[in-house]
Amino acid sequence: MKWLILALVGLQLSEGLVRIKLKKAKSIREKMREAGVLEDYLKKIKYDPVKKYHFSEDYVMYEPTTNHLDSSYFGEISIGTPPQNFLVLFDTGSSNLWVPSAYCQTPACFNHAKFKPSESSTFTYNGQSYAISYGSGALTVVLGYDTLRVSAPQVTNQEFGLSKNEPTQPFYYADFDGILGMAYPSLVVGGVPTALQGMLQQNQLTQPIFSFYFSRQPTYNYGGELILGGVDTQLFQGDIMWAPVTQKLYWQVALNEFAIGQSATGWCSQGCQAILTSYGVSAGDGLEVRTEQRRNLLFTLSQQYAVDCNEIQNMPTITFVINGAQLPLYPSAYVLNKNGYCTLGIEATYLPSQNGQPLWILGDVFLKEYYTVFDMANNRVGFA
């Protein structure tokens, strides 16, 4: 049996695939609600789930932490020699890597793993710093270089951010420590190679491709997998349906149509855009859904509306058409059932895309239904 395990590991590495198991825990939103601080926080920051996707001429990155309220999938990396371990969000909506550090003295850092530069023989201090703006404050990091390990790949002299302060809300309530950005290099602050670029430049991946599998029945120990360097054909069935990236900042594709039940809405007759993000909820531009319930209730999705768990089977399928392919979401996918309390996993946003078209964010509500492939070489996204 030991030899069989070793053979399988060798086969995985020879194919150039790197597997990172994702953990699933309570979201920040759930933990803040339990602590009784969520309502006041959302009022203070005037919550819009898509504020993060800010477009400006100089591509300055604004990273509202409200987008992480629903984050719950994260995995382990290590930095330094000997390795210091961290749980990070593998975030397709940003490009920088940062973790809490010994320099940070704010409460949000006290209950998370902190990088200790003095305990790493390979750490090099950069001295530069930058801030990422949030609705409730700013995260300030100082830059350094060290050895990054993401499962098997090892990148030497990878630049990363060491946090100096973090907003207490919401980071204090996060199960993850930091963030590893996986969007395009054009989004990175400081113009340095991203972690993915570092892996590719140092020949740690055979292909510039990564893919996500999110379990439909996640547990803390297994929420899904991130596959670096390719795809795992055992995690999906059928063919991969490809769509070209329309904006090389985020992983953004064009939406041809959006349908509710059997009826096309026509909302995308002038074009829609969709950003694939490895966390958060699906969001539509002023979306309204008319259910097929007997009362014919109209849900204007400006917040997470509660629904009757007994009526889920009567709600309509919603379908996204991307590059001609129909990708349906059934009520069981977009209604979130938390111990018998059901809410819609869809929220409204009021930020248009850069070309003025309605902008959708397709997060884990969508990704749990579709194995999703991010192809950096051909600037395309695949769904299966």
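Placement of Cβ uses the backbone N, Cα and C atoms for every residue, glycine included.
Keep in mind that TrEMBL annotations are predicted by a computer and have not been checked by a curator.
The model shown is predicted, which means the values in this text are computed figures rather than measured ones.
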Among C272, C342, cysteine joined to C309 by disulfide in TrEMBL: C342
Taken over the domain 'Peptidase A1' (73-384), the model's mean pLDDT: 83
Fewest Cβ neighbours within 10 Å, where candidates are the disulfide-bonded residues C104, C309, C342: C309
Chain-internal residues near C109 (disulfide bond), provided their CB is under 8 angstroms and they sit 6+ positions away: P100, S101, S163, N165, E166
Length of the line joining the Cα atoms of C342 (disulfide bond) and C104 (disulfide bond), in Å: 38
